[in-house]
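Engineer: This structure is in structure tokens; I'll ask about it shortly.
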Amino acid sequence: MLQLRVFVRVLQQSHVGNQGPNKAFPLAHSAGRRNTSTAPPAAAERTLIAVKPDGVQRGLVGKIIQRFEQRGFKLVGIKMLQVSKDLLSEHYCELRAKPFYPDVQAYMTSGPVIAMVWEGDNVVQTSRSMVGPTDPTQAQSGTIRGDFSIHVSRNVVHASDSLEGAQREIQLWFEGKDLLDWDCCSRAWTHRP
């Protein structure tokens, strides 16, 4: 009850002198609203994260999303799709000549994939650290692959490996209209001004 009284007093004080609630709580009025800007903040990067068919089938999508949200990154695009061989060929263009590519193709087209674009400061490098090495036997506990992967050929998630790679992959998997610029109310608490 005491907490309620204190909260009521704070609210009453915020309305003194026609300031309104927006002066006392400057973030409250804009939380979650769409940003009219067409570009991400100058310091922000974007990366592609894809939950592969084994991650989707094993019900790990929510746990993976939660890790990125808890790290302070902002989800700006998400979709579920059955990956075509053409998209996969473009995405893994450097692997097409490898003898294991047919296995990669069969695996990635075996079920739905969740493709996501995450935004934040240093998101490309940080997400690579969060995901861990491609081979889960080399991944530390606490990384996504270290905690959830079973085998190098079933490693749950893809993360862009560089800023240039992220930009290329995002253009392959998403159209510009599929990405939403919006104000995240937690940004003030997770990023420097």
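For all residues, glycine too, the Cβ spot is worked out from N, Cα and C.
Here's the feature list from TrEMBL:
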- 44-181: domain 'Nucleoside diphosphate kinase-like' (DOMAIN)
- LYS52, PHE100, ARG128, THR134, ARG145, ASN155: ATP binding site (BINDING)
- HIS158: active site, pros-phosphohistidine intermediate (ACT_SITE)
Engineer: Please give the greatest C-alpha separation between any two of the ATP-binding residues LYS52, PHE100, ARG128, THR134, ARG145, ASN155, in angstrom, as a whole number.
Structural biologist: 23
Engineer: Other than its own, how many Cβ atoms are within 10 Å of the Cβ belonging to LYS52 (ATP binding site)?
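Structural biologist: There are 22 of them.
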Engineer: For THR134 (ATP binding site) and HIS158 (active site, pros-phosphohistidine intermediate), what Cα-Cα distance in Å is obtained after rounding to a whole number?
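Structural biologist: So the Cα of HIS158 (active site, pros-phosphohistidine intermediate) lies 9 Å away from that of THR134 (ATP binding site).
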Engineer: Neighbour count first, Cβ atoms within 10 Å, every protein chain included; then name which of ARG128, ARG145, HIS158 tops the list of recorded positions.
Structural biologist: ARG145
Engineer: Could you check the binding-site residues THR134, ASN155 and say which one's CB has the fewest neighbouring CB atoms inside 10 Å?
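Structural biologist: Per-residue Cβ counts within 10 Å for the binding-site residues THR134, ASN155 bottom out at THR134.
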